[in-house]
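Going by Swiss-Prot, these are the annotated features:
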COMPBIAS  1-14  compositional bias 'Basic residues'
COMPBIAS  51-70  compositional bias 'Basic and acidic residues'
COMPBIAS  71-81  compositional bias 'Acidic residues'
COMPBIAS  151-194  compositional bias 'Basic and acidic residues'
DOMAIN    81-143  domain 'Chromo 1'
DOMAIN    267-328  domain 'Chromo 2'
Amino acid sequence: MKKGGVRSYRRSSTSKRSVIDDDSEPELPSMTKEAIASHKADSGSSDNEVESDHESKSSSKKLKENAKEEEGGEEEEEDEYVVEKVLKHRMARKGGGYEYLLKWEGYDDPSDNTWSSEADCSGCKQLIEAYWNEHGGRPEPSKRKRTARPKKPEAKEPSPKSRKTDEDKHDKDSNEKIEDVNEKTIKFADKSQEEFNENGPPSGQPNGHIESDNESKSPSQKESNESEDIQIAETPSNVTPKKKPSPEVPKLPDNRELTVKQVENYDSWEDLVSSIDTIERKDDGTLEIYLTWKNGAISHHPSTITNKKCPQKMLQFYESHLTFRENE
């Protein structure tokens, strides 16, 4: 053989043939180790970012829910008030029953005390029962009906015309009494003269002439005596002015309410009223005064009446509820 005609083949280790079966999957192109490692690192970091975003969103949501729960709890705590004691009671203006003056726990200022109806006091029934036990028990319904407070119009001052009529009537009565006294005096003098004429002069007067005191006195003394007689006739001694009865504390059992008719005849309530309890403003703007009498009874009247009947008690109530602001 000729050397020039021989071909030489170099077999490489990387050029192996791989036999591919019909059922086997095709072989994917191979990747370097560095590419695989970088791909895994990228996929792991993206997964961590997704998980961290999800955790941050869930934690922020929980914080918001906790904040809402705390705010709701604070609002509930702020709206809680506790009744410490029942101080007084009064008849309800509408719907019957009673209203109670409540003192709240932690509020010692009397102006913070409030009136509440019996229906609104369902949470302090034990305190209400204790209050009635201290005051001799709850009154029967029949008694409460008898003590209903009728409305009374405000007392009106007499007009100048009516006052003048009363004065004229009083002067007329006085003149009639003076005339009656003078008439009796004249009749008595006539009777004495008749007896003198029938029986004759008394002993010691032989001429039958009785010298009167006026005849023996000087003219100036006679004039003074005449003026005195006129003054005595104008003011007869048998006419005595009528005295008004002194006011007395109304004698009523406890837990009864005084009506305006029972106390309107008293000129002054200063010695009858124990205390002014509270003042209430009506829908028409007028003030209603609730007060307690010294016998334990309670009542309420317009301020136009109490200002005249017990002005000192009203002044004490206003002074006790004054608040002063310090100068900064």
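Using N, Cα and C of the backbone, Cβ positions are placed for all residues, glycine too.
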The domain 'Chromo 1' (81-143), counted residue by residue under DSSP: helix, strand, coil: 23 helix, 20 strand, 20 coil
Mean predicted confidence [pLDDT] for the domain 'Chromo 1' (81-143): 85
